[in-house]
Amino acid sequence: MTTPRATPVTVARARLLRPATWRWWVQVLVVYGLARATSAAILLVVARSQEENPWTEAAPSYLPYVARMWDASWYEQISASGYPDTLPVGPDGVVQQNVWAFFPLFPALVRALDAVTGLGWDVLAPTVALACGAGAVLVVHRLVATAGAAAVERRPGLPLATVLLVSVFPSSPVLQVAYTESLALLLVASALLLLFRRRYGWTALVIVLLGFTRAVALPMAVVVVWHGIARWRRGDLPVADAVRLGASAAVAVASGLVWPWVCSLVTGVHQGYFRTQEAWRGGAEVVPFVPWVDVSRWLTGDAGPWVLAVVLLGAAALVLNPVAARLGPEMHAWSGAYLAYLVATIQPGTSLVRFLLLAFPLAAVTVGWTRSRLWLAAVTVVCVAGQAWWVWELWRLVPPSGWPP
């Protein structure tokens, strides 16, 4: 009896049935695609219960629901009309909510594509977000696989597991709606990967783009400096690279401040960007750190500051543990700097779940301490359940008002 020879067709078919043999980027895109399909199903189910609101009719179809709700309507306005040269004020002279709170790169990309294709906001904005999210998880995989090689050695499969958790994170439906998170995630991951590869000029360019995408460029300065310190400690920092790193850090600081400066320059209002941000805080002044204490007291009374301290200590433990350190100085520094930046600059609320998506190295920390597939499966199930909660409770608006996603 002779054993049948394997033909190219049978070999290809066998590989198709074994996902572990697929190319890394195919595995990443399949995971991302399945996650986005799950999110789409959740959005479609919830849309059936969506009441008429300022942005959509009752029970809207998929595209309007992901292209117009909440902040997406502001980005649509920017794409169509740009930014005004004055800030709207109420009868009391206080600046009201306006488009200057939102950064220009995402709506500019959609507008450019619309000029070429004519497909319109409802089609292009979610599509751009979806594509940027796909690019982001590809970069995240490469970043964890290379910069986090020490962690991958301890926990094989960590890059794809990280992609999975990022893709199913409770606020991950935002990666397919007309928001800037997917573009910001792509730029943050790209900046960290380029920094690891010591492509400092390209790192600076990506950080500049980040400065026109979301207000998260400033923490990159800390990451650049920490990367330089790590190289210096290893005795691997020539003067030329030190100069380049210093320039990149300066670019990060400038990129974090450029949009507020542009707002003041165009509108003629000193600190116009911060006055605009105050409109979303009910007129409360933008003060570092204090809103966290105030919100903790509002939620839990006099015990609030103690509860807050426990939460912050838990976050610090997540960032400072050995698993996080094995991810390399770039991801390690970003995790700490970004979380510290959130505590310093935002008023904590329901949008915090969305903001945490950019702290993606913590997904690697969550699964990097064990090789247990059961743990990964359990976390995945919890995250998908969290998506259902996020879409139902936050993305769905029950008029006349609701907590923003």
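Cβ coordinates come from backbone N, Cα and C, glycine included.
Annotations in TrEMBL come from automatic prediction, not curation.
For 24-47, 123-144, 178-196, 203-229, 249-269, 306-325, 337-362, 374-392, the entry in TrEMBL reads transmembrane segment.
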* Can you name the far-off residues of the same chain, 6+ from the ends of the transmembrane segment (203-229), with a Cβ under 8 Å from a Cβ of it? -> 103-106, 180-181, 183-184, 187-188, 190-192, 194-196, 237, 241-242, 245-259, 329-330, 332-334, 336-338, 340-341, 345, 358
* **Contacting positions for the transmembrane segment (178-196) when only residues 6+ beyond its ends and CB under 8 Å are counted** => 66-68, 71-72, 75-76, 102-103, 105-106, 109-110, 121, 125-126, 128-133, 135-136, 139-140, 142-143, 146-147, 166, 171, 202-203, 206-207, 209-210, 213-214, 216, 220, 223-224, 227, 248, 328, 330-331, 334, 354, 357-358, 360
* Result, the transmembrane segment (123-144) in contact with the transmembrane segment (374-392) (3+ CB pairs under 8 Å) -> no
